[in-house]
Amino acid sequence: MATGWGSLLQDEQQLEELARQAVDRALAEGVLLRTLQEPSSSDVVSYAPFTLFPSLVPSALLEQAYAVQMDFNMLVDAVSQNAAFLEQTLSSTIKRDNFTARLFNIYKQVLKEGIAQTVFLGLNRSDYMFQRNADGSPVLKQIEINTISASFGGLASRTPAVHRHVLNVLSKTKEAAKILSNNPSKGLAQGITKAWELYGSANALVLLIAQEKERNIFDQRAIENELLAKNIHVIRRRFEDVFEKGSLDQDRRLFMDGQEVAVVYFRDGYMPSQYSVQNWEARLLLERSCAIKCPDIATQLAGTKKVQQELSRMGVLEMLLPGQPETVARLRATFAGLYSLDMGEEGDQAITEALAAPSQFVLKPQREGGGNNLYGEEMVQALEHLKDSEERASYILMEKIEPEPFGNCLLRPGSPVRVVQCISELGIFGVYVRQGKTLVMNKHVGHLLRTKAIEHADGGVAAGVAVLDNPYPV
């Protein structure tokens, strides 16, 4: 890969002036977060951290990631409809991981009562890194797929203008024109709109399940605003509000403050800390309703690390997507090495290999939200502690992806402008809508590039480690 913005990164004075211009443009474009000090108020806001320059991404890998997104949409949807596969795959995990067990428990209750919703909506984001081959060429490898609360579709639509501005200031107009336009929030809103239309009640609302303290509110507002432009009204409520004021009628239609709800869009509910006893009750009420959940509980379970690891087993994709060898081949080409830690010979073997070469593996629990994975010495200590315990079944092992580092400036409020060595992660947003057994929408709707300094092993933008970026195709 080309070296990037090499010579521009040498002139410190120029970098500082460019950074001032970039920050002002980011604020003007709405690349915003609430502050750590006041996460519940928009009185004082700051810019969301971002890179000074767009980062170089091989066009072929960007195209490959886009091309496989509809396959991943179909795969997630197929997993969510296969109760036997979910039960078998998660059987050892739910014995040891309380959070996955609670989700699975709600899933079983809903199956037993009968699933009330007939339309299903998936808004997901599949994340990749560029693995460096032995010959130095980059390869696309999937890190994970996010099936609940996949974020930054709103802010990602605001950052191309910022990077074009930086390059235009440098009189690099040809380069500025190469930065791709990108509007995931528009596509995500199209998915919600389609689901809302199929629900078939003109006065019904979209209920966005939000956190009390939400720094990333402007990202969510981008989707709300797209919906409002189509005269679809969104109400923001917490799980606590649903517990107090949510109800079902005899047809299991969901009502909130007396208003019917067509679509429930979760921007909360993906981490154990987000659930109290009442919040679990609220989640069950939502799942029992005929409102269209994004995601429904089966789709949230389809996004667990354990499912990801099982999907990489020979024959599993073929079973879930029968008669589709090209789809299977496209999906499998993106898989990194994934290993089960269930009790038994296979799990023992994986642990032995990871302890022998810890720099080549990552230990992943069944968690979303960044900052949960273990590497290096921490991973070794955890494996030594876990290796004879059934608790190990709540983790998976994954081959560590080693991208080629590059220089860039990560702009953060209160941090000096300096060049650091970075790696990027590319996310592609996918949207699908299914009515009964028919997929009525299946598409990709944009991308997200996040970049972090190489000293940070784990964590995304919301976790405070990675920053927003744009791909510069090469």
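Just so it is clear, glycine is given a Cβ too, placed from its N, Cα and C backbone atoms.
Here's what TrEMBL has on this protein:
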| type | residues | note |
| --- | --- | --- |
| BINDING | Arg125, 148-151, 214-216, Gln220, 267-270, Arg450, 461-462 | substrate binding site |
| BINDING | Glu144, Lys305, 364-373, Tyr375, 398-401, Glu425, Lys452, Asp458 | ATP binding site |
| BINDING | Glu144, Asn146, Glu368 | Mg(2+) binding site |
| DOMAIN | 205-302 | domain 'Glutathione synthase substrate-binding' |
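Recorded features from TrEMBL, shown on the structure.
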residue	record	contacts (Cβ under 8 Å, 6+ apart)
Arg125	substrate binding site	Ile145, Asn146, Ala150, Gly153, Gly427, Ile428, Phe429, Gly430, Leu448
Glu144	ATP binding site	Ser126, Asp127, Gly303, Lys305, Gln308
Gln220	substrate binding site	Gly154, Leu208, Ala210, Glu214, Arg267
Pro365	ATP binding site	Asp97, Lys305, Asn372, Asn373, Ser394, Tyr395
Glu368	ATP binding site	Asn146, Ile148, Ser149, Tyr270, Met271, Gly303
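Compute the center of the Cβ atoms of Glu144, Asn146, Glu368, which mark the site for Mg(2+); besides them, the chain residues with Cβ within 8 Å of that center are Arg125, Asp127, Ile145, Thr147, Ile148, Ala150, Tyr270, Gly303.
Each of the binding-site residues Arg215, Lys400, Lys452 was assessed for Cβ neighbours inside 10 Å, and the highest tally belongs to Lys452. Listed binding-site residues: Asn146, Ser149, Ser151; maximum Cβ neighbour count within 10 Å falls on Ser149. Cβ crowding, taken as the number of other Cβ atoms within 10 Å, peaks at Tyr270 among the binding-site residues Tyr270, Tyr375. Asp268 (substrate binding site) and Lys452 (ATP binding site) are 24 Å apart (CA-CA, integer value). Here Tyr375 (ATP binding site) is compared against the binding-site residues Ser151, Arg215, Asp268, and the shortest C-alpha distance is to Ser151. Gly371 (ATP binding site) sits 16 Å from Ser151 (substrate binding site), taking the Cα positions as reference. Each residue of the domain 'Glutathione synthase substrate-binding' (205-302) gets a DSSP state, and the totals for helix, strand and coil are 40 helix, 26 strand, 32 coil. Around the Cβ of Gly371 (ATP binding site), the number of neighbouring Cβ atoms within 10 Å comes to 14.
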